[in-house]
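**Student:** Can you keep this structure in mind? I'll have questions shortly.
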Amino acid sequence: MSRRGQHLAADPHYQMSRSQEKLEQQQAIVQQLRLEASLGRLPVSRCIEELKAHCLQHQTRDILITGFADQKENPFAKGKNKACVIL
Amino acid sequence: MLTFASNMASDLKVDCQQESIEALTREAETLKAKLEEEKAKLGDVELQVVAQRLNNIQGFTMKPRRVLKGHQGKVLCMDWSQDKRHIVSSSQDGRMLVWDAFTTNKEHAMTMPTTWVMACAYGPSGTLVACGGLDNKCTIYPLTLEDDPTAKKRAIATHTSYLSCCTFTNSDHQILTGSGDSTCALWDVESGQMIQSFHGHMGDVMSVDISPSESGTTFVSGGCDKLANVWDMRTGDCVQQFEGHESDINSVRFHPSGDAFATGSDDATCRLFDLRADREVNVYRKESIIFGWNSVDFSVSGRLLFGGSNDYTVNVWDSLKALRLSVLYGHENRVSCLGVSPDGTALCTGSWDFTLRIWA
């Protein structure tokens, strides 16, 4: 520790502000944990059943899975809407 | 004598504080143990096990459809317009470009005062875009055909470090920003006033995403402290905190159901966290994957999870079975950003190879 550091560590006012800082940090951690402990949680089985149901229900209209019935409907199909080229 | 008395008082106060700190530390330990126990009790089954019985996704064919060339540096961020046709992208070259993705034409170009424009976003109305980066600011550019958009630019948000991400709420009036100063903030676009700030991360914030649920009052953020935090936008409170990643989280994105979100990390995994179970429910990893994930997004149903990687590829996962369905090859450098179009018909990816690509 530097001489300045030793000097600081011996200063009660410095100690006080350090410990005040630690106290505030610890208070914030406990406050966050209290908040989390008060949360209602659902069993994983139920949550994943609902995630699964959501995916399956919407999957039939998910174009990146089903693809276009007709490629003509695809705005990004080859060549379509490409920039005009003046020859 | 006076000094002595004052020192005595200080010593006494330090002792009291020391006691409080010890009591708080004990309480924190008890709460942590209680939380662990409760989460373990509710972890009754694994998603991959439940999903085993599902049919595999058949005939998956996404093809490269467009290459958007114009940036003269690494593409760092992109966002779709709600019209499903226009794209905004920002680059290390200090430029932001607005593209017509159908034709690959560039419709607007804005030059920023700094390089590394790490964040950009399209306003929901389609009439303005926002961006920022190493300038620590978020700047709005109205998109008009008559005027030069840079003439009407307006800085609306300022952080004390770089801007890493920004996204509009469901209107043009508010924008949420994340920064290297480890905070997020919600801003009023009109006045440039900060509406709420969000403190809690212990490292750079890298990504934010607003909940798609109707109320839309929560958002998730991910950062270099390896944590994903869920916030209440009205109060500024961090309501949930998710651990699991072993390195920086680069990207967070809500599942379309609004009940879960995915993360992409430098630890070479993507993960799925469920808000109501309050825990991780899936991990997307393979032994052969050793590079980090820069960006993630879901298809409209939530069944597909896309990940943009440092190994130049885009991976497509079955989000339920945690199986890799496909790898999209094409980029010649890191894939830094990606996004599914609002109607779910196409995927846009941006890369350090200076290009953006459209896959459909």
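In case you wondered, yes, glycine gets a Cβ from its N, Cα and C as well.
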**Student:** Under TrEMBL, the annotation coiled coil belongs to which of these stretches: B:14-48, B:189-223, B:224-258?
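**Tutor:** My reading of TrEMBL: the coiled coil range is B:14-48.
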**Student:** Going by DSSP, how much of the repeat 'WD' (B:198-241) is helix, how much is strand and how much is coil, in residues?
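**Tutor:** The repeat 'WD' (B:198-241) comes out at 0 helix, 23 strand, 21 coil.
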**Student:** Looking only at the repeat 'WD' (B:156-197), what are its DSSP counts of helix, strand and coil residues?
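**Tutor:** Split by secondary structure, the repeat 'WD' (B:156-197) comes out as 0 helix, 25 strand, 17 coil.
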**Student:** Within this structure, do the repeat 'WD' (B:328-360) and the repeat 'WD' (B:68-109) have 3 or more Cβ pairs under 8 angstroms, counting pairs 6 or more apart in sequence?
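**Tutor:** Taking Cβ pairs at least 6 residues apart, the repeat 'WD' (B:328-360) and the repeat 'WD' (B:68-109) are in contact, with 3 or more under 8 Å.
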**Student:** To the repeat 'WD' (B:242-283), which of B:156-197, B:295-318, B:328-360 is linked by the most Cβ pairs under 8 Å?
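**Tutor:** It is B:295-318 that shares the most Cβ pairs under 8 Å with the repeat 'WD' (B:242-283).
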**Student:** Let me spell it out: take the repeat 'WD' (B:328-360), skip the flanking residues so only those 6+ beyond its ends count, and list any with a Cβ under 8 Å from a Cβ in it.
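**Tutor:** Sequence-distant neighbours of the repeat 'WD' (B:328-360): 62-69, 71-82, 84, 87, 89, 91, 99, 101, 294-301, 306, 308-310, 312-316.
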